[in-house]
Amino acid sequence: MTSKDIIENVEKRRTFAIISHPDAGKTTITEKVLLFGNALQKAGTVKGKKSGQHAKSDWMEMEKDRGISITTSVMQFPYKDRLVNLLDTPGHEDFSEDTYRTLTAVDSCLMVIDAAKGVEQRTIKLMEVTRLRDTPIITFMNKCDRETRDPVDLMDEVEAILNIACAPITWPIGMGKEFKGIYDLLRDEVILYSSGQGHTIQEVRIIKGLDNPELESVLPNHIHDLREELELVVGASHQFDHELFLKGQLTPVYFGTALGNFGVDHVLDGLVEWAPKPLSRAAKQRVVEPLEDVFSGFIFKIQANMDPRHRDRIAFMRVCAGKYEKGMKMHHVRTGKMVSISDAVTFMAGDRTATEEAYPGDIIGLHNHGTIQIGDTFTSGETLKFAGIPNFAPEMFRRIRLLDPLKQKQLLKGLMQLSEEGAVQVFRPLRSNDLIVGAVGVLQFEVVVQRLKSEYKVDAIYEAISVATALWVESDNPLKMAEFEKKAYDNLALDGSNNLAYIAPTMVNLNLAMERYPDIRFRKTREH
């Protein structure tokens, strides 16, 4: 019998991530979501503001310098009668692996699209990842106070490229300098735009009913076009259907401007009303329901040095079932050990607080002294392994070299920790002492060198290396595997978790190897 306490808390929670192409305004909307949830008294805007007030969710040194969110932040705040867990994901394409994994820890996503640009490359890639679990998607068309594309075209593009039906919930009145507000199709209300900058939320004027004669004087140049346009839109677009939304087949669409603090609260209203409460999770052994009395959770991310004053690493855990209580004993399934966790933390973008309890849907941080890895499962006793937390094959490679050869030990330690954290992947060729670093984008290489220097006092540089790809190898036939390991020895390497990978200098070489060894599987992803 599930306790009333767990039932009530699961009912209240909504856990979601914000996904977008870089510069679509994702970090700004994160700020404003927190502002409307009263979690921030003063929302810091991102990049180029003279006030020295940095966005609250960007907190590693390099992020402060560049104005991009490199690591995933977790923020919890109350909104109406719900408790919202928001995971801010890196928008910069170079940090996509982290983002992919974060999407395994949420129950819904808010997709932010720049209304001037429409669907962009990174959004397409992220939507592919959400498709793996049919995650429900809410869409926010941002920057309506700038010159934008036609809203009908934007929705058509989302439907055509992302293969998801669009149901408009709010509709823009004018665009750019002529942006006057939005019309809420479900409530039949016109909400007039008044810009609020930073942490000011302006009182908005709401006029009930599209036929209200008051609109003739308030919107003399727009009301006629708006009524005509809406007639067409309502006739041609999809109605909101909650079932289809929960299956990831239809997205409610909102318009607004995050920088002007306008339209964000409507999205939040939709999110807390429609997004699913914490969902069940597939483990290898069985499906885990959130309302179980027994505790379970999995690690989807490890982050080093979140607090410059403490040289520590935090493992981020999604609670899947049961209840975490301070001091409880947990079974760390991979190591087989029972551990007592008394110092778990919750986050408010860089400000961490010790937590007494956590429920399904919550994200808690465990202090990690090198024993926890991405994909690890913790339970209150049962041997479970949650499925589907992927590692993706890197696309770019460099050899890393020390400026001071005596620091080899520190270099290895630093690289291993950074690879466990998922910041980068490390491969150690069997035939040499080289260290090959693999990443999904160039910026990751910069981050690694910078963090090796600031956190491990190691000066390192990169050298070019001819590697086309690195794929994990496995086989059901031990004899064939042994033969392969012997013959392909020069091309084999161990990754940070000691899994065997094939390092292909060219794609031609890889294709030949795949033909020559049909019993060996070459894999682009590896589950943690």
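Glycine is no exception: its Cβ is also placed from the backbone N, Cα and C atoms.
The domain 'tr-type G' feature in Swiss-Prot is assigned to 11-279.
According to Swiss-Prot, the feature GTP binding site maps to 20-27, 88-92, 142-145. The number of other Cβ atoms within 10 Å of the Cβ belonging to ASP23 (GTP binding site), over all protein chains shown, comes to 19. In the three-state DSSP classification, ASP23 (GTP binding site) falls within coil.
Summarised as a single figure, the pLDDT of the domain 'tr-type G' (11-279) averages 83.
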